[in-house]
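Worksheet: one structure, shown below.
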């Protein structure tokens, strides 16, 4: 049985990754289990300089999920390379750096700082960030701005570039198209949905920033729908990485059958640290029960079965 997938010229031992912002940089999780069993680790977001994040409270539970407004807290790319990277560089799995910035220049600088870090095999762009030079509009909410960002980064880097698309748009396929046209190597669907929770006793929003990103089981059907739509239009042109609402192997298989070549387990890591391993095991058992020898047979199969 073959669970491996080759994406953007890189072979992954299995299609189960962990999502950015839910796994730190892999150091803490490595004390709980052997993270080399994972297909890949996507790091917590990295910016050029250290960020302290938003005021608290910045996490609140909701039915079937959670809202977060962490504010992209991170040590900055140089401190990451100096203090954290040495602890992960010998782990036998791939690491993908989640990267963000407030300007095109910052995105480019962060990626360039990581070009010589061999353990980092690709970049995942978080484009749900405000462009301070364009009046604060999110990079991922304007197709022209997004296309320019992808084009500018691709011109400078050698490693594959994945773009994590926002679901908070009218037509996600429009944004997928501009990423493809400007050289993106992969698409990650989806980022969190904007939401709010109000404390009726305090008469105000629970989060200090009022709104936050909704993740967890509640967003599974939305992620599956968007993956299906993008695969339907562009599945033969670019690989899709599915993320959003994956708690079990069954959830992961919905992503895969909709068109994802690999999946990321996110929020589930907070309450079940072994969730990614259980997803891997579940996919293996499913393939055995269905007499499927190669995982790749399942990618996008929902488009081929009537």
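Glycine is no exception: its Cβ is also placed from the backbone N, Cα and C atoms.
According to Swiss-Prot, the features are:
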- 129: active site, nucleophile (ACT_SITE)
- 20, 44, 45, 98, 126, 164, 190, 216, 244, 245, 266, 267: FMN binding site (BINDING)
- 44, 68, 69, 70, 71, 72, 126, 191, 192: substrate binding site (BINDING)
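Counting other C-beta atoms within 10 Å of each candidate's C-beta, the recorded positions 129, 190 are led by 190.
Our reading of the FMN binding annotation (20, 44, 45, 98, 126, 164, 190, 216, 244, 245, 266, 267) yields a largest Cα to Cα distance of 19 angstrom. Residues 44, 68, 69, 70, 71, 72, 126, 191, 192, recorded as contacting substrate, have a largest CA-CA distance of 15 Å. Most buried of the binding-site residues 45, 71, 244, 266, judged by other Cβ atoms within 10 Å, is 244. Within the same chain, the residues at least 6 positions away from residue 20 (FMN binding site) whose Cβ sits under 8 Å from its Cβ are 42, 43, 44, 45, 98, 124, 126, 164, 264, listed in sequence order.
The distance from the Cα of residue 244 (FMN binding site) to the Cα of residue 129 (active site, nucleophile) comes to 18 Å.
Ranked by Cα separation from residue 266 (FMN binding site), the recorded positions 69, 71, 129, 192 are led by 192. Note: residue 192 (substrate binding site) has non-local neighbours 68, 128, 167, 212, 213, 214, 215, 219, i.e. same-chain residues 6+ apart with C-beta under 8 A of its own C-beta. Cβ proximity to the substrate site centre (mean Cβ of 44, 68, 69, 70, 71, 72, 126, 191, 192, cutoff 8 Å) flags the following additional same-chain residues: 21, 45, 128, 213. Cα spacing between the residue listed as 'active site, nucleophile' and residue 71 (substrate binding site): 10 Å, rounded to the nearest whole number.
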